[in-house]
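Here is what Swiss-Prot records for this protein:
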| type | residues | note |
| --- | --- | --- |
| ACT_SITE | Cys76 | active site, proton donor |
| ACT_SITE | Cys224 | active site, proton acceptor |
| BINDING | Asn15, Gln47, Asn67, Gly77, Asn78, Asn163, Asn197, Glu215, Arg216, Gly225, Ser226 | substrate binding site |
Amino acid sequence: MGNRVEFAKMNGLGNKILVVDMRGRADRVMPQAAIALAGNAETHFDQIMAIHDPKLAGTFAYIDIINCDGTLAQACGNGTRCVVQALSAETGLKAFTFQTLAGILNAVEHDDRTVSVDMGSPVFDWNRIPLSEEFHDTSRIELQIGPIDAPVLHSPAVMSMGNPHAVFWVDRDPMSYDLERFGPLLENHPLFPEKANITLAQVTSRTTMTTRTWERGAGLTLACGSAACAAGVSAARTGRAERKVTITVASSPNRQALDIEWRERDGHVIMTGAAEWEWAGQLDPQTGDWQREQQAGHEASVS
């Protein structure tokens, strides 16, 4: 295998994830390797979740989260669920604490194999999201796409869930909007110095919503867990929905759903949903060269 490490191709509601086992190594998955893997039809991904040895006492691992353009991401809820499922299959453990670029994540796998991830507390301060302009009320900011007198999208709620999010409210199915056209413009808007994830959210009842997301550094994606968290929090914050909602991810296979709860007692956001193992292989973290396992692998494990 040479310089190769084990990896598993997984998905969270269709969000394509490569879970890479970098434990016992001092190097990391390089940007050029990520770009090469993203450019291959079989290994194309939305995020790489690279599992490293822990840097902090009391944590199981440090997780590097890498976008398909080679940049680092602070959070990936769907990817975290995949990591938990893989490590649970390997170790038999059900509860994990991880360190990421954004901080500490706690997660647990349930008996039905769904995974709950404590995504931490949302950040609403404009300079910590961050925004390039001062807004005292980030539940509704001045930003729109389209004519001034008839904007297609306008007045998003903005926040950070470890990464910047803008949630635009829409009155029909999010799939009916041309997010492929608007997404890149909004992701790279000067208002977002670190770029932003762009989500269209339709509130369908006090406890249900539908979303679609253009993901920072990944583009149009089938699902984005942190975006679902941002949408759920924003809906509760603006009085559109309760603090506990089921969010249908419109672009996911069979329109799958995530349960999002913005806990009142501590302000943390809990995301619960499924993850799915697809296949396993080995890859070179420097170049992105890879090979698929010839024999049937052990499901959902990367070791």
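Note that Cβ sites are derived from N, Cα and C of the backbone, with glycine treated the same way.
DSSP gives Asn197 (substrate binding site) a strand state. In terms of local Cβ density within 10 Å, Cys224 ranks first among the active-site residues Cys76, Cys224. Of the chain residues outside the substrate site list Asn15, Gln47, Asn67, Gly77, Asn78, Asn163, Asn197, Glu215, Arg216, Gly225, Ser226, Asp46, Ala73, Ala75, Cys76, Gly79, Thr213, Ala218, Thr221, Cys224, Ala227 have their Cβ within 8 Å of the site's Cβ mean position. Of the listed binding-site residues, namely Asn15, Asn67, Asn78, Asn197, Ser226, the sparsest Cβ surroundings within 10 Å are found at Asn67. Cβ contacts within 10 Å of Arg216 (substrate binding site), excluding its own Cβ and spanning all protein chains shown: 27. Ser226 (substrate binding site) carries a helical DSSP state (H, G or I). Asn197 (substrate binding site) sits 12 Å from Cys76 (active site, proton donor), taking the Cα positions as reference. Comparing Asn78 (substrate binding site) with Cys224 (active site, proton acceptor), their Cα atoms are 6 Å apart once rounded. Separation of the C-alpha atoms of Arg216 (substrate binding site) and the residue listed as 'active site, proton acceptor': 10 Å, rounded to the nearest whole number. Under the DSSP three-state reduction, Asn67 (substrate binding site) is assigned to strand. Secondary structure at Asn78 (substrate binding site), taken from DSSP and collapsed to helix, strand or coil, is helix.
Largest Cα-to-Cα span within the substrate-binding set Asn15, Gln47, Asn67, Gly77, Asn78, Asn163, Asn197, Glu215, Arg216, Gly225, Ser226: 17 Å.
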